[in-house]
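Report on the following structure.
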Amino acid sequence: MESFVAMKVVCILFLVGVVAANESGPTKADASTADKDTKKNNVQLRFPNYISNHQKLALKLLKICKDSKSSHNSLSSRSSDVINDKYVDFKNCTFLCKHGNDVNVTLNLPEDTPCGPNGQTCAEKNKCVGHIPGC
């Protein structure tokens, strides 16, 4: 009889754990969803080969994007911030930051961002060669 009660307790604890895990998972409103999604291995970023850590750069750009929102007083703090690897211009050292559905802002890449296969960085934009797809 005691083992039956113990088994019920184990089952109840297991179910509580499963429900708690499902309810505590990230939602679309979670501000860090983009960070978590970017860290997943199944996200394929299309940055040039001379970018050594694609995910690190994407997270850095997302932070710059989020930080830039504070300079736009009219933006709602609840709007989502998004970057898209298709709109990172390594030749001109800029990227597109999207705040919510309506506001697109072009921002500068950090000066230490590689912008060419021979060690060029955005500190000297005139030496940047950008990205040639397929190379």
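Including glycine, each Cβ sits where the backbone N, Cα and C put it.
Among the ranges 28-47, 48-67, 88-107, the one that Swiss-Prot lists as region 'Required for Borrelia OspC-binding' is 48-67. Fewest other C-beta atoms within 10 Å: among the glycosylation sites Asn92, Asn104, that description fits Asn104. According to DSSP, Asn104 (N-linked glycosylation site) sits within a strand segment.
Residue counts for the region 'Required for Borrelia OspC-binding' (48-67) under DSSP (helix as H, G, I; strand as E, B; rest coil) come to 14 helix, 0 strand, 6 coil. A mean pLDDT of 84 is what the model gives for the region 'CD4-binding' (116-135). Asn92 (N-linked glycosylation site) and Asn104 (N-linked glycosylation site) have their C-alpha atoms 17 Å apart, to the nearest angstrom.
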